[in-house]
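S.K.: Here it is, the structure in full.
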Amino acid sequence: MAGMDGGSGGAVAPPSLPGAQLLKQGAEARVYRGRFLGKSTIVKERFPKRYRHPVLDEKLTKRRTAQEVRSILRCRKAGISAPVVYFVDYTTNCIFLEEITDSITIREHITSTQASGRSTETLYGLADRIGQILAKMHDEDVVHGDLTTSNMLLVGEEDGKPGKLVLIDFGLSYISALPEDKGVDMYVLEKAFLSTHPNTEALFQRLLKSYIAASKKAPAVIKKLDEVRLRGRKRSMVG
Amino acid sequence: MTIVIGFEGSANKIGIGIVKDGEVLSNPRRTYITPPGQGFLPSETARHHRGAILTVLREALDEARLKPSDIDCVAYTKGPGMGAPLVTVALVARTVAQLWGKPLVGVNHCIGHIEMGRLITGANNPTVLYVSGGNTQVIAYSERRYRIFGETIDIAVGNCLDRFARVIKISNDPSPGYNIEQMAKKGKQYVELPYTVKGMDVSFSGILSFIEEAAHKMLSSGQCTAEDLCFSLQETLFSMLVEITERAMASLWLSGGPDCNLRLQEMMGVMCEERGARLFATDERFCIDNGAMIAQAGWEMFRVGQITELPDSWITQRYRTTWR
Ligand SMILES: Nc1ncnc2c1ncn2[C@@H]1O[C@H](COP(=O)(O)OP(=O)(O)O)[C@@H](O)[C@H]1O
Ligand SMILES: [Mg+2]
């Protein structure tokens, strides 16, 4: 099933959802849109990576599928927005998720705001809400593992009216209470954020500030974030 | 026509290469090899380089059939690397530049590898997986400069391999990585090891502490062989590297990358084929530290007037990969 159409982006539906349309092909998963039991549904199908040893590949695919579902459920229980999980098929490694309709990624939102020439200050409210939702997620000991502005969806944001934030793509997530793990989570976001969106240092600082204000555990996390940043700059890099 | 001589000595190799407009005229090199179970120390490495550098310089000029007056520019590694060897080599480069009356260019070692990779593969704006003793980075050329997309958040992959070799006493001759690769070919059983990808970054310290903790027990109980461990370590480390390279490419749609280990190249090849990308791998003569790569990067910089004045011709052990 997988591997045959890799990269070509053909209209191949996942076996368990006839008629579905391929939406995106990422590094390890194909994302389809279709209808499942009458509902608008996103199917995320993890396909085998042929470069990996088959035993390792199988383990990673299973683990990531399970982690994705587990962390979504944990977030939802804590009142953090994430798509509803409709169904999981562990034989084809497919997750059936609620489609967040009329959403755009935060990445698209920031990019279009910048392209339209509006000041990034108009995004400060959004940065505040991202900081808050991440603080809440970390307080539940969910470490996302792949925080980027593409892995956050925004619904119904209009001038003056704040939209709803939804977190997605939990495949690399895991449960940990360690400030180090949460610090690295924020480090990954910082790098992705600043490299995807030029000239947003102040915006990201705003996000961090709101993260700190929203969580009692934040100081320990920020301390680790500082350490990880410093490690990058100090690594000896011999050879 | 521009001829540049490049001096490299940031780690355990001393190399001097001469490049003339994209053609490598000579590229001799010496390697400081330490006994099994030992890494190389800065002062001893510097002593090795001091002893060899003038002979290597003579060879570079003779092989290229050039006189010092034919040279247009002297390039040297400014960093990153080990302090003492860097200082030794920079001192010689500075001296010959003054003796010969030629301009100096200080080169970032990582950029040297990338420019050499671009030269011999013809790749234009590649995504590069750059792996060496001290570096593990996915670098891509974007918005008119080199930028690091993914990297290790703790130790470098080469460092992980070297330390693994020390744990199970694998020889350093010709290099731990080479011997691990040969042993891995005989490995049969895949042993699960920690696998840590975070965004576009990787972490290797967990694997190392797992191995340090468990290797001897697994070997003495007969649960697996040293060859199995080499095999499993390679499969795990390289899968992580290919994965973050692919993640960078998925956000960029470009391709490329220099490294020597054949299994890593094979895995990259499979990944690129599936993405419809092209893999360029550089061969051993150029992906091991050498002088020509410094000459080549120096040649690019000299052409756009990036000269290093004498007072600025210092070295630095840490040097982030950016070239604006
Ligand atoms: N539940 C969803 N509703 C709407 N769009 C989604 C949903 N899940 C994913 N997407 C879209 O598909 C893209 C890729 O999904 P994601 O889970 O992030 O996979 P990947 O691991 O390939 O990044 C997202 O950036 C988003 O645009
Ligand atoms: Mg994603």
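Residue numbering: from 1, along the chain as shown.
Including glycine, each Cβ sits where the backbone N, Cα and C put it.
OK, TrEMBL features for this one:
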| type | residues | note |
| --- | --- | --- |
| DOMAIN | B:29-295 | domain 'Gcp-like' |
| BINDING | B:His109, B:His113, B:Tyr130, B:Asp289 | divalent metal cation binding site |
| BINDING | B:Tyr130, B:Val131, B:Ser132, B:Gly133, B:Gly134, B:Asp162, B:Gly177, B:Glu181, B:Asn261 | substrate binding site |
S.K.: Please compute the mean pLDDT of the model over the domain 'Gcp-like' (B:29-295).
M.R.: 87
S.K.: Using a 10 Å radius around its CB, how many other CB atoms surround B:His113 (divalent metal cation binding site)?
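M.R.: The answer is 29.
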S.K.: Which of the binding-site residues B:His113, B:Gly134, B:Gly177, B:Asp289 have a Cβ lying under 8 Å from any Cβ of chain A?
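M.R.: The answer, in sequence order, is B:Gly134, B:Asp289.
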S.K.: Tell me the coarse DSSP state (helix, strand, coil) of B:His109 (divalent metal cation binding site).
M.R.: helix
S.K.: Sorted by position, what residues of the same chain at least six away from B:Asn261 (substrate binding site) have a C-beta under 8 A from it?
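M.R.: When sequence neighbours closer than 6 are ignored, B:Asn261 (substrate binding site) has B:Gly177, B:Glu181, B:Gln234, B:Phe238 within Cβ distance under 8 Å.
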S.K.: Just to verify a number: CA distance, B:His113 (divalent metal cation binding site) to B:Gly134 (substrate binding site), in angstrom, no decimals.
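M.R.: Taking the Cα atoms only, B:His113 (divalent metal cation binding site) lies 13 Å from B:Gly134 (substrate binding site).
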S.K.: Could you list the residues of the same chain, at least six apart in sequence, whose Cβ is under 8 A from the Cβ of B:Gly134 (substrate binding site)?
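M.R.: Listed in sequence order, they are B:Ala11, B:Pro80, B:Gly81, B:Ala156, B:Gly158, B:Asn159.
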S.K.: Just to confirm: which same-chain residues, 6+ apart in sequence, have a Cβ under 8 Å from the Cβ of B:His109 (divalent metal cation binding site)?
M.R.: B:Glu8, B:Ser10, B:Thr77, B:Lys78, B:Gly79, B:Pro80, B:Gly81, B:Asp289, B:Ile294, B:Tyr319
